[in-house]
Amino acid sequence: MAVPTEMEPVGPAGSAEGAAGGAAPSGLRGARGTGRGLIRYALAKLGGALLSIGMVVVATFFLFRLIPGDPAVAYTRDVPLSPDQLTLLRRQMGLDRPLPEQFLDFVLKSLRGDLGTSYEYRRPVAELIGERLGPTLLLVGTGLAVAVTLGLWQGARAAWNHGGRLDRFSTGLSLTLWSVPTFWLGLLLLMVFAAGVGPIPGIFPTRGMEDVDAPDGPLYLLHVAHHLVLPCVTLVAVVYAQYLVVMRSSLLDEIGQDYVTTARAKGLRDAEVRRRHAVPNALLPTVTLVFLHIGLVVQGAVTTETVYSWPGLGLLFYEAIKGPDFAVMQGTFMVLCVAVIVMNTLADVLYHVLDPRVRSA
Amino acid sequence: MSDVTARRREGLARFWREYRAQRSGMYGAAILVVAVLAALLTPLLTDPSGLDVTRATGEKMAPPSLGFPLGTDESGRSILLMILWGSRVSLLIGFLSALLSMVIGTVVGITAGHFRGWPSAVLMRITDWFLVLPTLVLALVLAAILGGGTSTIVLAIGVTSWASTARLIRAQTLAVEARPYVERSRVLGGGHWHVMTRHVLPNVAPLVLANTTLTVAGAIVTESTLAFLGADAGQASWGSMLRGSYDWGAVTSGAWWYVLPPGLCIVAVVLAFTLCGRALEVVLNPRLRGVS
């Protein structure tokens, strides 16, 4: 149902552009056609994203109805309740109403940002999530920035010296990192750099984002940065290999292109051919893949935050699983999924803006 | 008939010749043979009673010694014994969930490639949805909701990891169905089932094989991560051992013998599966040959 709406606008946009280019090669018309095409494309993508988010909401509703036993008991686990309280709670949760009505209620509440109440924390789930968002954004943002920079840089160098020592080394490294479970890498780093090995003392804190005696003012930033190092390194190690591999293969594709040969034939220096001609083109597909792998980053964040007790969304999710605190689990699950879908859609549209070849195809 | 068997044997011999030329693939295969043999022989050679917390004989958190080559855990159990028994759980869950994932992926992929129009559109929409969602998060939720147990973990991993396979198989199905002999079969009255099972499936099978090998690698990592995050199968696996090492402070107290061996086992087996999968891809997909 949704796919036709997604596919349709792409066709007309492409043909409109083709007609504009063929009939009247005036820059204005071409540009306007492209702009309209882009908006259509973005709208189609937005529709697709909304459908995906809708599917997440529906899936969440039915998934969490699969919990064996009485949901009211499951959600309030470990909180002793009298039968009267349970009846009241069932009414509050809407469990006494028919399923379609419950579903509608759930959807409306989710749309309003009401994700229910955690009985473990005795607070609204949305509030808990809001609190934990900051640390996660800090960790993921820093990690991504480092991973992307490092991955793209190394990937480009590996591809340029294809088959060389750096290339073999980085291919091997990325293969190995892919085989290493994130949490184990985290444990190893903890063991070596936080607990210390033999005579070497631990130089980084073992857990959390700040200590009880955290300093104020500008020193606080340093304090947090000190705590951030190990989680960040772990997260970078997980995702950076992906970017490296993508950039490497993308640049390898470009190296064989005619325009690179032309650039060389013009007498440009090697570094310049790479920096000004090949790399910008190779970056395009990489940009999307960076965002497409955001799901991987989210997974990395969950495990990394667990290992280092980093007070973010991932740790909240883990604690909810361990509880189990189904209200928090449900809310975090939806927020994580929606975040990934939004990032993916952004990537699609961004790619469309950046790469004219896709627009006309 | 014998003609066919002879041809098959010859094909197999050629496959083996080409696979043998892949050095990294051979390393991977060697590691796998050792791991599978260890998993199969463990019940014959060792006594599972050592896994019981109440009947553990060793000292608590003791470093490696003659009696316990890899030391002991927090309740005095032999780490080596746990590794051996854990290999059975980790490998079994890895294989089973990869199998489940491949079956779902292949069925969805072939169906979406064969039937054009809305069925394909709907299937691909669902596939893309699964592709985008963070697999681990979904698997964790599934495992938490359905409760512990081997089958739950297998289900959680299998159900969340088939999407990329489905995409791959669909693309291959589209390519196969465009070939003239499929059209001929259709004109001669071959039904959907006939085309899908007799023409498409044999042609995508090699791809499925190579992909399964890679999927097992991913499934073992996911299993260990799930176990570390608390969703284990109730038996000691490499992942749940690492969970124990973390819970009991082996990491901060420097009990390396509790942290290193399970992790190294995971890395070795996953790397082996990955190497085999890549070697299989090269052998089965001639287009990749010559490209590193």
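Using the three backbone atoms N, Cα and C, a Cβ is placed for every residue, glycine included.
Database features, via TrEMBL:
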- A:1-28: region 'Disordered' (REGION)
- A:11-28: compositional bias 'Low complexity' (COMPBIAS)
- A:46-67: transmembrane segment (TRANSMEM)
- A:133-347: domain 'ABC transmembrane type-1' (DOMAIN)
- A:133-154: transmembrane segment (TRANSMEM)
- A:175-200: transmembrane segment (TRANSMEM)
- A:220-241: transmembrane segment (TRANSMEM)
- A:282-302: transmembrane segment (TRANSMEM)
- A:333-354: transmembrane segment (TRANSMEM)
Residues from the same chain, set at least six apart from the ends of the transmembrane segment (A:333-354), whose C-beta lies under 8 A from its own: 38, 41-42, 45-46, 48-49, 52-53, 56-57, 60, 110, 115, 129, 284-285, 287-288, 290-292, 294-295, 298, 313, 317
Among A:46-67, A:133-154, A:175-200, A:282-302, stretch most in contact with the transmembrane segment (A:220-241) (C-beta, under 8 angstroms): A:133-154
Outside the transmembrane segment (A:175-200), six or more residues from its ends: residues with CB under 8 Å to it: 206, 230-231, 233-234, 237-238, 240-241, 299-300, 303-304, 306-308
Spatial neighbours of the transmembrane segment (A:46-67) far in sequence, C-beta under 8 Å, 6+ residues away: 2, 5-6, 74, 103, 106-107, 110, 326, 329-330, 333-334, 337-338, 341-342, 344-345
